């Protein structure tokens, strides 16, 4: 009886361990990479979404327009100019704001990066971003990367032309579809740059 119980226990232990051993075997064959997914609450369940979300004046807010349903981030029920009344206009404005935020994040990186380079031996006329503009009034002026052979910042027209050409080319490339082809969301195309696999789960993304 004891022997039978021990054998059954051992068999049960092997059964319980089998999935784990199978997982270990598969992980070992895939270089130790495990794809894990978890369920994340959707945005409408948050207090910041839906009809009961906080309003811009709290309890003193006026009647919220019917087209502001709390579906999108930042919707506090305020649209006196009616900019979100037309769905197509709202979609276009939302696209522009997302792009503006991305340019702003890139600009924030551009504020910090020159200081990091300056601390590691790269010479700038002025690496601190809020002081760099004053260099335009100095005798030597302001050059990109401190190199006079590059675009000279004394010429406002040259700066303007560079901004229009460089940023306009990138934006035109994005609006035209870029390398991703058609049928993808222009704001969140996914797949182009996702080394951490953060967009693999549509619900989590």
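Cβ atoms here come from the backbone N, Cα and C positions, even for glycine.
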When Swiss-Prot is consulted, the range among 150-170, 171-191 described as transmembrane segment turns out to be 150-170
Checking 78-97, 98-117 against Swiss-Prot, the stretch recorded as transmembrane segment is 98-117
The correct three-state DSSP answer for residue 56 (chlorophyll b 1 binding site) is coil
For chlorophyll a 1, residues beyond 78, 84, 97 with C-beta within 8 angstroms of the site's Cβ centre include exactly 74, 75, 79, 83, 90, 93
For residue 163 (chlorophyll b 5 binding site) and residue 171 (chlorophyll b 3 binding site), the CA-to-CA distance in whole Å is 11
Between the C-alpha atoms of residue 171 (chlorophyll b 3 binding site) and residue 102 (chlorophyll b 2 binding site), the distance in angstrom, to the nearest integer, is 12
Of the binding-site residues 78, 84, 97, 102, 174, within 10 Å of residue 56 (chlorophyll b 1 binding site) (CA to CA), in sequence order, we find 78
Fewest neighbouring Cβ atoms within 10 Å among the binding-site residues 84, 163 goes to 163
